[in-house]
Structures are given as C-alpha cells and as structure tokens.
Amino acid sequence: MFTQHNRKSRQLLASGIKSTYDDDLYPTRLNFYREPPPLEISIEEFEQFALDRMQVLQALLTAQMRNLTPEQLDKAVNEAIRKYMPMSPNSKSNTSHRQLMEERRKDHISHFILRLAYSRSQELRSWFLRAECALFRYRFEKEMLKDQLEFLEKQNLSWKKVSDEDKRLLREKLKTSSFKAGNIDEETYFEVDFERVTGLVGRRQVYIQAGKAFVRLSDQVVLVLDEFKERLSHALEVTGRALPRMDEDDRLMPVLNNINKQYLGREFTSSAIAGEIQASDVDTLKVHMPLCMEHLHDELRREKHTRHGGRMQYGLFLKGMGLSLEQALIFWQMAFEKITPEQFNKNYAYNVRHTYGMEGKRTDYTPYSCKSIIMNNAPGSGDHHGCPFRHFSAPNLRAQLAAHNVDEFDTDDIIHKVQQRHYQIACTRYYEVTRAKMVGISPENVKGGLSDSATGSMIASQEVIEHPNQFFEQSYLLMKSKNAESEGGAASGAATGAGEGMDGVTGPAPLEAIVRGRYTYKKAGASISSNVQHDIDM
C-alpha cells in the first residue's frame, strides 16, 4: 500500500486515507472527479486499474470512429465495460452496497491515475479529454433520470432556471425553436450563455435572445458535458504543472510514463495459422501482409538489403507468422544476395539468432504491435520501417493506396482518419477495402463493421487492427474460408510450391530454397560457434 514515506505522489493522487466508504461519496455512477480519491490503493491496483480504464476508453472511441450503428456501439462498449470496469446502477437489486462502492471506487481511482499519466503533453491531454468526455456522455445518457437529477443537484451548477412568467412570454419562440418541444408550461428551461451550447445553436435547436440560450431539460447533456469538459481541461493543466514533483518516485513514474504505450492484446509469439512457413513461402504470402510489412518486403527485394530497424520489425513479424530460426536464416541470406555467405554469417546471422532468443540475453522477442511501431523508433532517411499511415507523407500514402486499387472515395476516408491521428483505424479501413475486393465484395458493403453477407461479416470485424500479425491472420483465414466455400474445401498447411500459393492465389514462383554456405546457429543446449563476443543493441 502507499505509505507516509512518499507524500508527493500521495498528495497528487489522494487527499487522505479511509478504511470505510462514505455513503455520500458515490451516490450515483456519474462523477465530475472534482476531488482525488480518499482511499488507499496498492501498487498492483494502481497499474491494473489504469489498464482496465484504458481498455474501456479505447473501445468507446474506436466504436465511435468506425461509424457503428447505435446497437453495435452499445454492444461493443458494454462488452468492454462488463469485462474491465463494470458500473452497476442503483436500481440493480442483486448488487450489494459494498460492490457498488467498489465499482465506483475503481472508476474514481482509475480516472485520476490516467489523469496523471496523460498530463505530460498537450497531445496526451487532448486525447484524454476527448476520451473522458465521450465516456461521461455515454454514461450520462444511459443513467436514469432520477439519478441524473440527483447527481446534478449535488454539483451546484450556476444555471439560471427560466421562470414560469418568462416561459409564458417566450412560449411561441421556444416552441418554434425545437421540433421536440412539447408542453412549454411543463418543460423546464435553463438560461445560459449561448457560447456554452454551440452544438445546439448550430443545429438550430435553441432560442437565443440577448446572447442567452434557452435550453430544455432534455437537452441538458450538452450543458453537463460542457461543464465536465471545462473542469477536466483545467484540472489537466494543473496536474501537468505539478507532475514534475513526482519525478523522484521510481515506483510510479515508470508506470505512468508507459501506460499510453501499453499493448494489451495478443503477443503473437508464434503462429501455426498458415502451417509451417518455409523461406520460399514468404513471397507468396505477401498478399496477406499489412501495408507496413509489404512495404518492407518490397524494399528488401529491391535493395537486397534493409537496415537494422527494418530487419527487426520485419524479422519479428515473420517469426510471428511461423518462420522458424532455421528458415529465417535461409530467408535473410537469400534476401541479402549481394553479400557472400561468409559476410552474412559474420555480420547478420547473430542478429537473427538473437531475435529468436538464442544469443545474448536469450530473450525471446515478440513481434512489434501497431502501437509500438507507431510510437517508437521513427524511421529516418533511408529507413523503410515504421507505419505507412503514421510516417508516410500524404502524397506517398495516396500513391501506395492507389497502387493497391483503393478508389478515391475510400482513399479520402483513410486519409481523413490519418489526419485525425487514428492510424490503426485507417489501417483497419484499408484492410476492409482491400480484402473486400480480394473476395469480390463491394468495399462499401463492409464499411464500419457492417456487412450484408457472411463473407463480408468476416471482413468487417468490429475489432480494430492492433497488430501486423493480426492483419495477416485475419486475411489468411478469410481467403482460406473463401476458397473452402468456392471449392468445397481447401487443404491447409504450407505453400504448395510454384504457381498456386498457400492462399490459393497465383503468385510468383518461390525462390529456390538453397543454403549457400554454412550457418552457425544454435538450438537449446548446442554449443556456440559464432565468433561474435558482444551483445547487440536491440
């Protein structure tokens, strides 16, 4: 548990310690997070709470960006909430009071942890503000009216309630200002500065007089959200200025600095989805690779070489596909055909063995996730690694999309997502468009997770692409299913040789699998024959 010896971090996260719950602390599921959580928290909870909230925020923003129907959005978000951060309503009879308080305690604490983590830069603050506002609005709209009013009464909001006399004087204007207006005498209105409800003003759903907007109670979510956003924005700036005081805390700062970089999905240490991959299969399987790996493959074939960053990114991806160490050594020597086997063995074989955990620290490295590729080790001049949606210029990206037969409409859609910094969602849309054309379906029929056919449903997964190997596996399984459907079943396993590849798509004849020279790799328990005495910089 946090103790007295580190007061700086305690002061930023909590204002005291309580061993029991205050019944008035969490009367509803809604929270403006005005006060830090006055409860103890363990280091284990600190990290887990933060990661669980991240899952919910990412699921909500992803669902909104993918233009899902309200039913699909509710399903995706509620699934994430139930799994990572359940919040039971007061009306749920089979939930104990203590369980309600535990759920709301986790919500309270996890918000403040992420507030600390996302206060370090303007970009992080903007993302967190947008995500938290989206979550608050989602919860507010799902809350019962009784609990909404109870929550608002405790906030002491400075909204002027319109008197009955003023409503009678403005009855006709209030009625014509909104097609939803019912009985004006029974409706509650608030008078606020029009700048606070610009969304309603833009949609012409409020009456404005002398700079004041008259907002109905049923439209109060706009006012509440504006209040929440204003308070959180100010709190993030204050937290950002106070954050340097935590630099001395070697327990919390590593967690806070890496929360936004965490990849929470599958590691893809090795895959048997396409059978036992041989070095000669890689060219045929290129059709299933994401744009980043396809670009690396093409440049490797063109230049007969790639730099360290590219070798790490692409080599680990191939490892995740199921390429063994023996076959990886064959693949890379054949790819580096400008150098002799002795030069390859001296300068590059050690690096390949190292990524498979057979040299140095014997760390079994896992393939890079999309988040790792996007946020770490940006490519420089002459490099080919990285994420095309993050690191390519707009003209270069458009050219790449055109080369893959992405039409202008879908290209504009993808570029728009890139400009909004939704790189993984842009990649997901690229997957939908190109895979739809691969199986003969209109890309428009699988947009945003929607589809009107069984095959389209496989393409239009509601899961965003989070890992290059996820892209590969989904594409490979899609084509395998399509072939089985059209041919009455297709054999799975390794590539079938020259001509027809593993995916049933005719591709270039595979390279001849010839080992030029002697390799000095090792298996567990084998002796080391390499002359390299130092570890490499990974």
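Even glycines carry a Cβ here, placed using N, Cα and C.
The annotation coiled coil is assigned in TrEMBL to 135-162. Counting same-chain residues at least six beyond the ends of the coiled coil (135-162), those with a Cβ under 8 angstroms from any Cβ of the stretch are 27-30, 32, 56-57, 60, 77, 87, 89-91, 170, 188-192, 214, 220-221, 223-225, 227-228.
Residues annotated as domain 'DNA primase large subunit C-terminal' in TrEMBL: 287-472.
TrEMBL lists CYS292, CYS370, CYS387, CYS427 with the feature [4Fe-4S] cluster binding site. In this view, CYS370 ([4Fe-4S] cluster binding site) is surrounded by 25 other Cβ atoms within 10 Å of its Cβ, with every protein chain counted.
A simple way to gauge crowding: the CB of CYS292 ([4Fe-4S] cluster binding site) has 27 other CB atoms within 10 angstroms, across all the protein chains here. Taking a C-beta cut-off of under 8 angstroms and a sequence separation of 6 or more, CYS387 ([4Fe-4S] cluster binding site) has the following same-chain neighbours: CYS292, CYS370, ILE373, ILE374, TYR423, CYS427. Same-chain residues with CB within 8 A of the center of the CYS292, CYS370, CYS387, CYS427 CB atoms, the [4Fe-4S] cluster site residues themselves not counted, are PRO290, LEU291, ILE373, ILE374, PRO388, PHE389, ARG390, TYR423, GLN424, ILE465, PRO468. Counted within 10 Å of its Cβ, the other Cβ atoms near CYS427 ([4Fe-4S] cluster binding site) come to 27, all protein chains included.
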